[in-house]
Amino acid sequence: MNSAITTCEHPNPLRGDGVLSSHEGDQGSKKDGQLKSSSSSHLAYGILDIPPWYLCIFLGIQHFLTALGGLVAVPLILAKDLCLQHDPLTQSYLISTIFFVSGICTLLQVFLGIRLPILQGGTFAFLGPSLAMLSLPTWKCPAWTLNASQVNTSSPEFTEEWQKRIRELQGAVLVASCVQMLVGFSGLIGFLMRFIGPLTIAPTISLMALPLFNSAGDDAGIHWGIAATTIFLIVLFSQYLKNIAVPVPVCGREKKSHTSKFYLFQIFPVLLGLCISWLLCFVLTVTDALPSAPTAYGYLARTDTKGSVLSQAPWFRFPYPGQWGLPTVSPAGVFGIIAAVISSMVESIGDYHACARLVGAPPPPKHAINRGIGIEGLGCLLAGAWGTGNGTTSYSENVGALGITRVGSRMVIVAAGCVLLLMGVFGKIGAAFATIPTPVIGGMFLVMFGVITAVGISNLQYVDLNSSRNLFIFGFSIFCGLAIPNWVNKNPERLHTGILQLDQVIQVLLTTGMFVGGFLGFLLDNTVPGSLEERGLLAWNQIQEESEETTKALEVYGLPWGIGTRFCTSSCAQYLPFWPREGEVGVRQLSLCPGDSEEGPRSATDTRM
């Protein structure tokens, strides 16, 4: 029987160059006379540690700021197709709502879901089918909503125009979320992953952002000078200055006052670029360097075009379910969002394994993955009920932030969830982000969409790229994922079966490049002959099915408050696919913490050879 010794070491967050440094290597296995495990020696705080409350708040705000770009981007992208491009006040309400729901979903995921320190928020995967649905003739915005001079944002007619569109999105997300909960809580996700490999995931994720180039280009084209400045700053901070540390004053117990290295540009490249470009637009507006005529080139780069939003927005506004009315459901929207849900689930599983490696946790067992996907489905259900116009998923950006800060504590993400809740209630915050000049947003989108496309292509590292089979499948899937939606958008009248609802379903699916490319990749990868090693499934499955018999598995991934170990220990519950199994932990933990004499579960003493 293996034995693991758990000590009560709580490292000082202010030692040396502080936890904010991402470039300090391991200092050996012994520190301050205490032994540290090799898997977590690089961490200032492990997943089960609780940092001081002030550090939790600071790092929680940092996670909020890291996710800020993605959270704000989703409502701003949807605004045009919701007929809200000339209503920044309502855009601010959508931003506040997505903040609020993301906070709820983050807390649910940390306490009841995968239980890893991973943030939840809006997803770009839902944008493709959402925009495809809103481009149907039924939902295209009337011409008068595109003219700012004809839009009266307080009129009932205008309110109904945008609310009926978001209610349609709500209904689709609500139904699709039930499918995701079923797949997660039933354990079906494990069966599906046997057939989904890198050649399915790579075109799916790549085509998540590629079709959005038109929207990003239009926004950036409002003023290419401002957009190019935004792109330059983000690239400068994230690629060229990321290894430059900024000294910051710190007060600690051992040293009353000293400086600590803080890799500012590596942690906040998007936020810094956005704020500096925003400030530049403000200076150009004050000096009248930008045109004041609404029809002139570059007018929307001015910061005073949406200045009234801050004065109109309430200080506090509590989002609530059904705030836009009763959701409506149509088959076209439902099938499109289901395709996005499948892509989101695959992406989240990769995030779970990456997060576990970074925080020194054992690989997530099947029951934890099932529960995490199920809770994400519940999060999408809440997003549909509140009316964000989107769903929720795990945020890859925040997984990367864990490696930068070297703090993998769950309590930090709990603090981040609370920060999101507060930001969602504080109405002026959402209003402030709704006033970002359009070309600044366009420049940010071009960078973010490029990174998402690269993330999708990076999945090809597991396959044999010297194989003509693999090159054909990936290239053909990507090309069709771009060509078919483009043709269908130009020739919608050719898709005519005589049944209106079926026509709409087919049009939404075929105009969603992510679905077309992912489906072709899945079909060809599972039908064209090829070895497991050639297809990348050998390496892929090795990552997905690493040993679950590790020291902290039950402690990390078990349900909180003793559920399944001290409470609700019915033998029937052990057959649930999402219920923790005590026997999966093959070691017994001996605690050396003062006052902690609680023994591990009896079945934890049973081991395998």
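Glycine residues also receive a Cβ, built from the backbone N, Cα and C atoms like all the rest.
Heads up, TrEMBL stuff is auto-annotated, nobody curated it.
Quick look at what TrEMBL lists:
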- 1-37: region 'Disordered' (REGION)
- 23-34: compositional bias 'Basic and acidic residues' (COMPBIAS)
- 52-79: transmembrane segment (TRANSMEM)
- 91-112: transmembrane segment (TRANSMEM)
- 172-201: transmembrane segment (TRANSMEM)
- 221-241: transmembrane segment (TRANSMEM)
- 262-286: transmembrane segment (TRANSMEM)
- 324-342: transmembrane segment (TRANSMEM)
- 412-434: transmembrane segment (TRANSMEM)
- 440-459: transmembrane segment (TRANSMEM)
- 471-488: transmembrane segment (TRANSMEM)
- 508-528: transmembrane segment (TRANSMEM)
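Highest Cβ contact count with the transmembrane segment (471-488) among the listed stretches 221-241, 262-286, 324-342, 412-434, 508-528 falls to 508-528 (criterion: pairs under 8 Å).
By the Cβ criterion (distance under 8 Å, sequence gap of 6 or more), the transmembrane segment (440-459) is counted as touching the transmembrane segment (221-241), at least 3 such pairs being found. When each of the listed stretches 91-112, 221-241, 324-342, 412-434, 508-528 is scored by C-beta pairs under 8 angstroms to the transmembrane segment (262-286), 221-241 comes out highest. Each of 91-112, 324-342, 508-528 was scored by its Cβ pairs under 8 Å to the transmembrane segment (412-434), and the highest score goes to 91-112. Below 8 A, the CB atoms of the transmembrane segment (324-342) and the transmembrane segment (91-112) form no more than two pairs separated by six or more positions in the chain, fewer than 3 in all.
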